[in-house]
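What TrEMBL records for this protein:
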- 282-304: transmembrane segment (TRANSMEM)
- 346-372: transmembrane segment (TRANSMEM)
- 378-398: transmembrane segment (TRANSMEM)
- 419-439: transmembrane segment (TRANSMEM)
- 451-474: transmembrane segment (TRANSMEM)
- 495-528: transmembrane segment (TRANSMEM)
- 534-562: transmembrane segment (TRANSMEM)
- 574-593: transmembrane segment (TRANSMEM)
- 605-633: transmembrane segment (TRANSMEM)
């Protein structure tokens, strides 16, 4: 009952977070965003250290911090999480750590626990799966600094510290499991010399494993012989580590050191974002952009020259004999705008693609302007979900406009399909994956309350908006074809092997995928290897390049198709650029086997389930871009020539 009430409480906080997000957009003229404004601390002020989920790149299943028998506070208090945080599996709670600003601590004892067989097994499993503990201080995540061997290279930061490590005693071959039970925290601050107040700009830790010893019986005032500030004995290495075994006691201790820093509060996230080899990153992206821009220029030049020559030639034809001899795209003018088979489904997918395009564009713009920075935890996912819901009006409009052009009359039916098809498929996959996570007792499982909130957003906001868009689109006059359609369909001549639909569709997806695959590597790394991704400026450029590439490759292949007197271009144009999603999924499979160390079946199913959803979304987005490019192109060329 307690968990159910917690989940319902979260659903209300999620709905509130939606309203807060909209008000955030409204008040974004301020310099600092709500919730991420700087906080000044005087000497001696208490600092709230919070604990977040345990994460592992081997299992991809997050767990709440207190799922392991770590030292708990007197009362565990949940921080209110937004929709994005809940979906990511974040569970932010208070901790027993006591920090006071600019007052160093040495060998502070947190608690002493004795492991039984069950708790020892839990610790061993988490250490074996390389789980990391995530903590937060003043909205900054805890990091472990890792200095590179080569001189002059910047320090790399690893998010969170490992619960423990595996190793062997000297002279023994038997592998043992040790726990990190001593944490040496470093809090970096930037001091204002005028007010003597300080702002926190860094939160680092060095974890150690040490078998603590003490004299006599254990009490609250017992002094450790292995870590005692009075005798100036501190923990600087893990030479006598604490083994994880049943019936063994573990004493958790910590140090807190304060370091003044020149880094200002506004720049405190910079170090966190230097996580990958940035030189390779920049070079790869620029190289990719240059290649794609060059190809786009070539495609555009060929198109302009060919079309100009063709239109001039066709307009010069005067005699009947010449007209009979002509071949190419003008011959199919009486069939080119014939409605395709399964036209309803095409309308639904085109509408959904427009919804996606709107969501991605607005999200990118917000991200580029810094509204969705990593400091605004869960903001990116919350923004994308809310934008998806509100973009439903454009989905309804686009699908019903196309539907009316195909002489459709039941706009309500097409609006309902548009509102339910794509979200329904994604929700079904998500529900199955969530059941798998639930079975593993992971904090990544979305609570019932949150699931209910998502359904309310879907049927309470998105579906009505799709119907509003559908009504507006259907009321507008139908789009008229530039040429008349013949009553009897023309026979399509036998096509060359390279104009085979499957072959040309698969070829068409290579170039759009080529535009994004390098950026895709960094996005996959940030999602599955627990790193930050914040180069939204470059991502926006790559996205624009993707749009151009999808449009151009589809136009070129559509032109060749029409020239070979094949007028079935409607679905082919959608599938040509949409086939890039197949390459995306194949690349995700390659990434899984070469970069990830996932061994558990459930974790593998989660990876492929989520990547299937991502590929499906990519298919809908790129397919719609290709379709509209081809739609514009065919209308342009057939309205540019004189049809007798």
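The backbone N, Cα and C atoms fix where each Cβ goes, glycine too.
TrEMBL entries are annotated by machine, without manual review.
Ranked by Cβ pairs under 8 Å to the transmembrane segment (419-439), the stretches 346-372, 495-528, 534-562, 605-633 are led by 605-633.
Counting C-beta pairs under 8 angstroms (sequence separation of 6 or more), the transmembrane segment (451-474) reaches the transmembrane segment (378-398) with 3 or more such pairs. Long-range contacts of the transmembrane segment (378-398) within its own chain (CB-CB distance under 8 A, at least 6 residues past either end) are made by residues 17-18, 21-22, 81-88, 90, 350-356, 358-359, 362-363, 366-367, 371-372, 415, 418-419, 454, 457-458, 461-473. The list of residues near the transmembrane segment (534-562) in space but at least 6 beyond its ends in sequence, with Cβ under 8 angstroms from a Cβ of it, reads 273, 281, 285, 288-289, 292-293, 295-296, 299-300, 302-303, 306-307, 328-329, 332, 336, 360, 364-365, 367-368, 372-374, 499, 504, 507-508, 511-512, 514-516, 519, 522-523, 569, 572-573, 576-577, 580, 622, 625-630, 633-634.
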